[in-house]
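If you look up TrEMBL, you'll see 36-126, 131-214, 224-317 marked as domain 'Ig-like'. The domain 'Fibronectin type-III' annotation in TrEMBL covers 326-420, 425-523, 527-620. The annotation transmembrane segment is assigned in TrEMBL to 628-656. Per TrEMBL, region 'Disordered' is recorded for 733-765. The compositional bias 'Basic and acidic residues' annotation in TrEMBL covers 754-765.
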Amino acid sequence: MSPPSSKLATRRPKLLLFVLVTTALVHPCYLLQERPKILPLNTPEFLLVGEKFSYTCTAKVGEPPFSFQWLKNGNELMSAQTDVQIKNFEDISLIVIDSVKEKHAGNYTCILSNNAGKDIFTAALIVKAPPTWIKKPINQEVFLGEPIVLECQVHGHPTPQITWTRLKDETPLSTSAGKFLFSNDGKLQIPKSSEDDEGSYKCEATNGVGKVLTSIVQVKLRVPARFEEKFSVETVRRGETASLKCEAIGDLPLEVTWAKDKRNLEIKELDRYERFETTVEKGLTSELMIRSTDRNDGALYTCFAKNDYGLDEKNIKLVIVEVPARPLDVRVQEVWSRSATISWSVPYSGNSPITKFIVQYWQEKENGQRLLEQTIPSSQTSVLLKSLHPGSPYAVTVVAENEVGQGMPSQTIQFVTGEEAPVSPPTDVQVKPKGSSSLLVTWKPPPKELWNGELRGYYIDYKVNSSPTSYLFKTVESSSNDSYEYILSPLMKATRYSVVVKAYNGAGTGPPSEEITVKTLEGDLPLPPPVELVSNSDSAISLKWGKSPSHNIPVTGYTLHYKKKNSGEWNYVHVVASDNNMYTIKDLESGATYQLYLTAVNQFGRGNPSDYLSITTNPKGIGIGLPFYLNLAIVVPVTASVVAFVVVLVVIVIFVKKTKARKALERDLTSLQSGKVVTYAPGSQRYIDMEKARRVSNPEPGTPAAASIASYASIPSRDLELRVDDPRQELKSFLPPQMRDRPLPHPKPSSLKKRGDSHLYDRAD
């Protein structure tokens, strides 16, 4: 039993003092009574709800009459107002509670009083109640990501302790786990649910009184279709296969569809697009495959996931990367003799940043090119090409490069650097006397790489040796020849001259060659003689030449030069000058073509060569040792041509004669029918009709004999003149038998005549 409250204890002495003083003043006899005292009683430590309880207040000392008063927690307790029964007797008062409830717990005070005073005694009533459900937890279904609230509200005295346990791992939950929140009323809260939160939970309540209160609930997560990743970028090289994946999370059944640039993508059979779906633990994985990607496949692809609880989408940006396109608008900005500025425009990057440009250039040469390269940063679109060769053609192309690789080169452009004067003199310069008043100057061009441009020509500077005068010069235009020659004339006889040769182009004149000093001759060189072919066989060629055209220039000998066509060096034979200038080259190859020319020599040197002859030897065994006019290779074609001409002429003559004979025959027949008789004398005209040249044995009845004879006289015989050796003598076979033995006219003499001893013939007249 707990002691009285402090308030009652402080008031008790003052109250007793007041009662005693008042009693003594009112009635003296009261001072003689004894003040009452309450007999303390043992009370139970606590009561359980529903148990019975009674409390007795008994006067231990004092004289009646007694009065009793009950207080609960300092407030007067009235039977009529509560379910607590108060029963008073002479010296006893008690309270009775048939069924204790939690509300009955508190401090109960009994005040015992008589005429002498009063006594106060307070006892505490403790009531305990086992846990009971206020709100029992129930099973829940929530969407993934939404909060979970599990209520476990119980009542009891003392206040029950509530604990939560997740059954799948038998782990008691506590506030130490950051995702769980607990409230004083026993609620368990999970602010954002996840897949791990699905399962069974147990709520336990206990306060040490009665049994432990337990409840198990099920939490079911409803997962709507969703994507954890809402956007991604996929990069694929052009021509390769692209794989786009969408991992949809949600309760099955799940449906996934695809769109390209927000338009539904229809995947057909035998298309480059293919779709594969795989069911996984959390949902469904859909994969879109694009075979042999091209630039048009670069787009925004969207996959839509849908189930009974929701709809979500994911966007995938497909980037098709490739090598850059050709650089555009490549042009030459400025050109100098040894440098040039090239610029271009940035091309399509291939969806990958251009890392650099490569400028490729080369000098265009006939004997091959050497490729040069210069790397330029991607931020730069022009370049200065240095160390170029003057006056040379160049070709330039530009290539862009990114992480994928190098693109196609741009269109090739050409330019020519500015010219500079040649830096090398002509080579192999030679000067030879060609007579008493001329010098032959020969040279070759400088090396082409030292031209510094296109050569326009050459200057031949000359002067009398050791003369203080300046050089005279001659100009020779440039050509495509590998070598040049020029005859300086007229010069002074037997005089030394100094000669140099210089090349020039549009920029200036190059350095001179070394000075060459040559003396003109004291006399003239012989002129080339005319050369003729005498005969040729399968192994020999005979030539004949006349005297030099200039009779006042002496000739001491000749040199015959010959070689097989397209062969190596020239062969030569020295021939002493004579009246019979002939020579036969022997031991030649049959059926081969030879080139020949002749030069005349005198005391001053060798003259210019004659015209070149090109002669082919006969095949093996033909025309051996015969002059060319008896060579079958020449005679047969000429004879065939003559015979053909004669045959054509004969046919024309026969046609004319035949026409005239027909007309004469018609006149004779007319005369016979009119009674005229034609007499033919031996010297008279005779006619021949080619179509009626046959023997008459059986003339038709009534036909005169003269008419039958006259039928063979249509062509005058005197007009038919044939040569004995002419092929037309074969026409005698067409004559009648009586005319076949008649001699034909003697042929005319041939009109072909010999011309001297040259064995050459004029054509027929």
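Backbone N, Cα and C atoms are what each Cβ position is placed from, and that goes for glycine too.
All annotation found in TrEMBL is predicted automatically rather than curated by experts.
The average pLDDT for the domain 'Fibronectin type-III' (527-620) in the predicted structure is 86.
Across the domain 'Ig-like' (36-126), the DSSP tally of helix, strand and coil residues reads 3 helix, 48 strand, 40 coil.
Secondary structure counts, DSSP: the domain 'Ig-like' (131-214) has 3 helix, 41 strand, 40 coil. Residue counts for the domain 'Fibronectin type-III' (326-420) under DSSP, split into helix (H, G, I), strand (E, B) and coil, are 0 helix, 49 strand, 46 coil.
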